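What TrEMBL says about this one:
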- A:34-53: transmembrane segment (TRANSMEM)
- A:81-293: domain 'ABC transmembrane type-1' (DOMAIN)
- A:85-107: transmembrane segment (TRANSMEM)
- A:119-142: transmembrane segment (TRANSMEM)
- A:162-190: transmembrane segment (TRANSMEM)
- A:211-233: transmembrane segment (TRANSMEM)
- A:275-295: transmembrane segment (TRANSMEM)
Amino acid sequence: MSLTTTKRAGSLKTGVGPLHFANKGNSYKSALPLLPFFAFIAYFLVFPLTFIVRDAFLDNDGKFTFENFAECFKGVYGHSFFVSIQLSFISAAIGAVVGALIASAIVKTGSRFRKATAASASVLANTGGVPLAFMFLAGFGTEGLVTRALKFLGWNIYGGTFTLFSSAGIILVYSFFQIPLMVLIFSPALENVRPEWREASDSLGGTRLTYFRRVMVPLLFPAFISTALLLFANSFSAYATARAMTAGTLPLMPLLIGNLVDGNVIANQQHLGQAMAVCMIGVSIIVMSIYVLVLRFSKVKR
Amino acid sequence: MKQKLNLSNRIVLLAGGAFFIFPMLAAFEFSLRTNESKSYGFDNFRWIFEQDGFKSNLSVSFRLALVTAICVLVLMVPTVVYLHLGGARWKRLVEFICLVPLVVPVISFALGVGTAFPIFLQSTVYELSFLYVIVSLPYTYRALDVGLSSIPLLTLVEASRASGASMRQTLMYVIIPTIRTAVNGAIFLAIALSLGEFTLAVLLHWDTFPTWIANVSQGHVLNAIALSVLSLFGAWVVVMIFALAPKSLRSNKIQEATK
């Protein structure tokens, strides 16, 4: 699922040989077989996107305005930017660090165990959503087995201000798909680490710490950061789990947009939801551009 | 490359395993509770199958998954194959396009679809299938790209063409069987996504299996938990069979021959 192109892609000599479609002379003609794909993308992806952007700039009478965006940064909507970004940041940081730790332990196990954990991780990372939310309500609710067990061990998690419906609760639940996602994407990078490097470092007199600091960190840092950014984008746009858990009460951007669309909230501006959606895309674009830059930087270094 | 597990690795694996397994066990325990106090039973599971929406919504989700899988197969396989042959100059552009769904939060996308699509499309539940094809693009493209990069595609195509096969025959009887694992992977991802997708379905006001779970849960928490346990466990079993199946079941003779 990692997004880097494989090294072997493109090493195939393309466009040579007796292939009738390998028309190198006319670049537009060579796109002809891709027409179905481009048409599909244009209609089902580009077309809806242009509508969100257009609507975001329209007032209730259909005239051009910036009012929707001004409203976006006020009151609960402005606050939701802060809450959403903060929550995604913490969730990505926890997921990345814990996920990397678990991944580094998993790559040292046998291949069957690795396959089994990869399969389980892909289930948790992809099909989470609503079922995950209910599982957590069951486990960590006031009557849940986990809560009781922790209480038995002397830790009443409800002793403080903790509830499952707060930011802390959501971060805990998100860990359930963030950590597996990290394991899934970060493992291939770890598998490329060769035992010989450790031996080389040892024979040059390096300690475990030197090996970690001088070899592992520089080598894995780009993969680590880029995956962490992916985790950020993932929790930033997560909607199903948060909706099922909090019934839309926490001021998260996706939840507010959902409320606006469902008509649960009456806003002065009809197109406030679209403006919020455009803002979310904006935040995502910033994060993903950093991702692309990190990947490019890592390729230059190799 | 099995290495010796040291103590700290064992601790990490045990702690990680406990973090994931314990809440699941807790949920399972919860789902066995019955309304009478202090007794356990399968009442909550039985209740699920007696609900009106269970069969119909599950079948809607399965039909959506089927249509999505067919769309991915028909649209993406020829496209990615072509990118590896004559259309290499378009590869970067297509790669970029396939990343766009990761950048656009699904909720934003749903909003645009709601206003942009004409009524004839919005009146059929299968509009979701086309959207699932878009949402799964980053993963399906990646799976097919990796698969095609690992075989001598050009040699295979030249051999097949020289033997007098048409391009369609080459695709059907040479390329697709050779990258069966990658095609399976792409289709499998698309199916998993369609079966579990919630945001698009709920915001476009369609009833699918996941939205039905969310609806049923209101006022029936115990049953909702039973349902969640059931659906996660079901997905897990399917993926596990797929992942641990012996190689002979997954690959075929042509793939062996090309190695």
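Each Cβ is built from the backbone N, Cα and C atoms, and glycine gets one as well.
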Quick test of the contact rule: Cβ under 8 Å, at least six residues beyond the ends. What residues does that give for the transmembrane segment (A:211-233)?
2-3, 88-89, 91-93, 95-96, 99-100, 178, 181-182, 185-186, 189-190, 193, 197-198, 201-202, 284, 287-288, 290-291, 294-295, 297-298, 301
Report, as numbers and ranges, every residue of the chain located at least six residues beyond the transmembrane segment (A:162-190) whose Cβ falls under 8 Å of a Cβ in that stretch; write 'none' if there are none.
1-2, 83, 86-87, 90-92, 94-96, 98-100, 102-104, 106-107, 114, 117-118, 120-122, 124-125, 128, 132-133, 136-137, 140-141, 220, 223-224, 227-228, 230-231, 234-235, 238, 241-242, 245-246, 249-250, 252
Across A:34-53, A:85-107, A:119-142, the most C-beta pairs under 8 Å with the transmembrane segment (A:275-295) come from A:34-53
For the transmembrane segment (A:34-53), give me same-chain residues lying six or more residues beyond its boundaries with a C-beta closer than 8 angstroms to one of its C-beta atoms, as numbers and ranges.
274, 277-278, 281
